[in-house]
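Participant: Could you have a look at this structure, given as structure tokens, before my questions?
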């Protein structure tokens with residue numbers, strides 16, 4: 001199907017608004033899960049590492065399943081996927097209110113809500129890209145702030161709902177609010193196809209090798225036909241019985257009068273279809289081989305190899321504060337009366353500021369986006385090392401703001417990936433990197449929680465987190481300094497990828 005040229009406006013701005021609210025509604029609770037995390041610790045009495053799996057799965061499962069999410073949106077369209085995913089998110093949140101144990105939450109909140117968020121993110125990004133071309137960067141930037149604003153508002157909202165209605169009532173109300181995703185999804189009208197239909201492909205274009213395979217195997221076809229004829233005669237002889245009645249003789253005469261040419265044509269078609277299926281299976285296998293071959297070519301790039309290690313370590317160490325900061329404040333015995341704003345809300349609003357600011361810096365010609373990204377990694381590591389020394393609300397609030405701002409480096413990560421592998425390999429490389437980012441999101445909070453369970457304090461846990469982020473930043477810096485120009489020049493000479501791979505990114 002051929003779509004119209006992206007209008008860069010019109011109904012596209014409606015798409016931007018509904019996509020913004022979709023990400024606001026679906027990511028608000030999972031990103032602000034730190035408020036619920038404290039309540040789940042008291043409700044189920046499990047260890048911090050085991051409880052942290054709930055929030056880490058909700059935020060990481062969408063990235064881990066990004067290829068599946070992309071296939072669903074490509075197959076069914078953004079609108080049906082958004083509506084279906086709205087039911088998933090709302091249903092998962094409501095089911096979580098009836099959770100009898102932490103294991104039930106792994107499925108209801110971690111997997112169901114997380115997968116629904118991943119599907120919704122892919123749907124909103126895909127439909128926005130269909131409607132915008134020249135203003136695509138602006139449109140994607142606007143909808144991506146929906147998750148950050150959701151984190152800011154939901155952190156305070158969920159705390160207030162817990163005080164008024166308890167944990168179960170909070171999850172029921174938040175799940176009911178998520179049903180508004182259905183209304184947003186219904187407005188995601190697909191871009192209409194162009195009035196002039198594309199020229200219909202010929203049969204040769206549809207199955208390009210079908211006739212060539214047949215002519216190359218012409219001798220084999222004739223041999224197969226002779227084999228089929230022999231089998232037909234043998235079966236006829238085996239099934240023949242003495243003619244006791246005249247009717248049997250007449251029936252055999254009728255069967256023998258069938259047009260032989262029609263039989264030959266049918267047999268040729270059968271053999272032709274068999275050869276075509278074999279060729280198709282061989283071609284599909286070649287696609288998989290090419291995919292893995294291109295993946296290995298990507299890892300020959302030193303900067304890309306360091307980048308995937310850096311993004312994995314960054315998410316292992318940098319994601320836990322957004323989940324555990326509230327419990328860090330409680331462990332530091334900070335008086336709740338000193339709270340002017342939830343720490344997670346500060347992280348959320350500063351993440352939105354960081355996305356815009358770092359995005360603007362990345363557009364400046366003399367700014368190297370790779371070095372800018374490395375700078376954010378190193379500063380994040382230093383901020384994580386400072387958390388154990390924070391003993392007041394003001395200090396934790398300042399560190400939360402710094403970490404939130406630096407987490408906005410997600411907005412420049414596509415720039416860094418493009419600079420590293422080239423535009424031809426962007427989709428393929430970005431999908432691999434997002435998979436490892438999801439893996440880091442899933443593992444980071446439980447690891448930090450296990451450190452607390454072993455040591456009964458967060459100091460060692462955040463020293464470990466800071467070490468992971470600093471290690472990733474230094475490895476990327478070492479890979480970038482000596483061979484940055486060499487790697488980029490080599491990646492630009494790589495043959496263009498003739499296959500397309502669709503991915504989703506994190507909010």
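Here the Cβ of each residue, glycine as well, is placed from N, Cα and C on the backbone.
Fair warning: this is a prediction, and the values are worked out from it, not measured in the lab.
TrEMBL lists 12-33, 53-74, 81-99, 105-125, 137-156, 162-183, 303-319, 339-358, 370-390, 396-417, 429-452, 464-484 with the feature transmembrane segment.
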Participant: Can you tell me which parts of the same chain pack against the transmembrane segment (137-156), counting only residues 6+ beyond its ends and a CB-CB cutoff under 8 A?
Facilitator: 12, 16, 19-29, 31-32, 34-35, 124-125, 128-129, 131, 174, 322, 341-342, 344-345, 347-349, 351-352, 355-356, 359, 410-411, 507
Participant: Have the transmembrane segment (396-417) and the transmembrane segment (303-319) got at least three CB pairs under 8 Å, pairs 6 or more apart in sequence?
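Facilitator: In this chain the transmembrane segment (396-417) contacts the transmembrane segment (303-319) - 3 or more Cβ pairs sit under 8 Å.
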Participant: Report, as numbers and ranges, which residues of the same chain sit near the transmembrane segment (339-358): CB under 8 Å and 6 or more residues beyond its ends.
Facilitator: 31-32, 34-35, 141, 144-145, 148-153, 155-156, 159, 321-322, 325-326, 329, 372, 376, 393, 396-397, 400-412
Participant: With Cβ distances under 8 Å as the criterion, find the stretch in 12-33, 53-74, 303-319, 464-484 that has the most pairs with the transmembrane segment (429-452).
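Facilitator: Going through each listed stretch, the top one turns out to be 53-74.
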Participant: I need to check the long-range neighbours of the transmembrane segment (303-319): which residues 6 or more away from its ends have a CB within less than 8 Å of a CB in the stretch?
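Facilitator: 56, 59, 370, 377, 380-381, 384, 403, 406-407, 413, 416-417, 420-421, 429, 432-433, 436-441, 443-445, 447, 464-469, 471-473, 475-476, 478-480, 483-484, 487-488.
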Participant: Considering only Cβ pairs under 8 Å, which range in 12-33, 53-74, 370-390 makes the most contacts with the transmembrane segment (464-484)?
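Facilitator: Comparing 12-33, 53-74, 370-390 against the transmembrane segment (464-484), the winner is 370-390.
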